[in-house]
Amino acid sequence: MSFLSLHEVENTQGTVQLIDHGGNLQVKAGTDIVLIPQPNTNDPNDPLTWPLKKRTMAYYSILMFSGLTNFGISGISPGFEQLAEEFHVSINQLTYLISVKGLGMAMGCFTIAPFSVRYGKRPVWLCCMTGFFVCHTWAAASKSYASLLVARLLASWFGGMSEPLSLASLNDLFFLHERGTQNGIQALSLSIGNAVAPIVSGFLIESRGWRWYHWLVVILAGVNWLLIFFLYPETAYARDLHRSMDAAAVTRTDVEDKAPKQEGDSKAEFVTVETSNPATSKRKTFIEGLKPWSGVWEENNLLAAYIRPWVVWVYPSFVWGALAFALHVSVIIILISLLPIELGGPPYHFSVSQLGLTYIAQLIGNLIGCYSCGYLNDVLSQWSARRNDGIFEPEMRLPVIMIPAIFGPAGILMFGIGVVKQVHWIVPVIGDAFLGVALTGLPSVVQPYLMDCYYPVSMDALIAFNGMKNFIFFGIGFAVVPWVELNGLIAVSSILAEMLFVVDSLAIVVHMFGKPLRVRDGKLKIFPF
């Protein structure tokens, strides 16, 4: 195990030529947008050379698992009244059924996800999907509160790896100019799980009981296992970052007609570079791609994979991003915990199904946040790069963060003050929608920013990023009801709104000093490989 700096692994530290002027780089077909990283067109097994349809189907199959993991968190909340009556526990104890999932997901990030570095991503996805299926079957059949709590904890442990591994797979399957959009879709998949679960489970629990919510998760998990098995081949690839990331002095020729056609494609998706090298390997068949395991990556040290997620905390930009994301997720978990209590009681007296319908507002907000901070993030980055002689800097993504910085604080204030002042129910529900905008908006900016800055250790950064977020929301989830009882909902909402605005506004500092920090970070010889 040797220690290296990021500069020794690849030289860009996020500053790259996104718009091609010299004609010596591979670009997206019909455009001047440079493909970063540069795909290995001599190897048909490089995931970046797969058809867009194949890449998208593989990615969306694992995003369903990410969404299901969150579906398994929030969907239980409409059943709190039934659970309290059946198991004779308090509402405060029932909120642990939600917050304990944060602990399990954090454990999954730090204990399971690193295995993919050594053994590949496909076997980890299949094994964890199986464990998730078994644990929710156990939860559906639980005869006591303790049994249900442990089953949900273990289910979230298996599901916790889905967040960092889905983002690591995003890096395997998509280019820099696509990261904002695909990160937005990833954030949307998580948020849809949060928002749709109470809508569906509200009616299901009211008509069939809380156990059928878990049986629904089991059914969906079984379908998802099949989708991953058939649609997600191994995406881990031994990529030479010096070749694919660093500037290459080669002559570009428009040889779309000569580029090897991929499965089912009638047109190449990028303009490749002229080369006389033969294909380095034979394309795997569909059946070969179904193998659950592709062997051990001997060159990857497992101990180093467990150490690196803790080393990234020396990077100030990473610390800011992780804190901001953790705070936004914690606020939405607080809302999920409090919403059935506040709107289910006087003066609103919402039924279980009505409580579920309130999450439609959050879902609408999620869609707005995904588009406004995901797709527009990529558009802004390309526009800014064109104005900068084609050179892209990761900080070009950050101005979009003003959207969650405004909508997040406004949303929690509308919810907290609205229910305390007993205003019309539409006010706290609109607040829920605003929080939905911020929930998908912030990671759609911060996650691709960190991927751009620290590409060689992006997998490790994402493990730490999501793991620490889950630890924080676990702690806040346990404290939320006592905190509200002690200080009141208006005070709690005001504190959270201030924290959201201050932390999100630190993006201004990162925008100003991000590049010199990246240059400094790239020289630190601290990463074991």
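Cβ atoms here come from the backbone N, Cα and C positions, even for glycine.
Record features (TrEMBL):
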type: DOMAIN; residues: 58-529; note: domain 'Major facilitator superfamily (MFS) profile'
type: TRANSMEM; residues: 57-76; note: transmembrane segment
type: TRANSMEM; residues: 96-117; note: transmembrane segment
type: TRANSMEM; residues: 124-141; note: transmembrane segment
type: TRANSMEM; residues: 212-232; note: transmembrane segment
type: TRANSMEM; residues: 318-339; note: transmembrane segment
type: TRANSMEM; residues: 359-377; note: transmembrane segment
type: TRANSMEM; residues: 398-419; note: transmembrane segment
type: TRANSMEM; residues: 425-450; note: transmembrane segment
type: TRANSMEM; residues: 462-484; note: transmembrane segment
type: TRANSMEM; residues: 490-513; note: transmembrane segment
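For the transmembrane segment (398-419), the partner stretch with the highest count of Cβ pairs under 8 angstroms, out of 318-339, 359-377, 425-450, 462-484, is 425-450. Contact check: the transmembrane segment (425-450) against the transmembrane segment (318-339) gives at least three Cβ pairs closer than 8 Å, residues 6 or more apart, which meets the contact criterion.
On the 0 to 100 pLDDT scale, the model's mean across the domain 'Major facilitator superfamily (MFS) profile' (58-529) is 87. Among residues of the same chain six or more beyond the transmembrane segment (96-117), those with a C-beta under 8 A of the stretch's C-beta atoms are 69, 72-74, 76-77, 83, 124, 128, 148-149, 152-165, 168, 236, 297, 300, 302, 305-306, 309, 333, 336-337, 459, 463-464, 466-478, 480.
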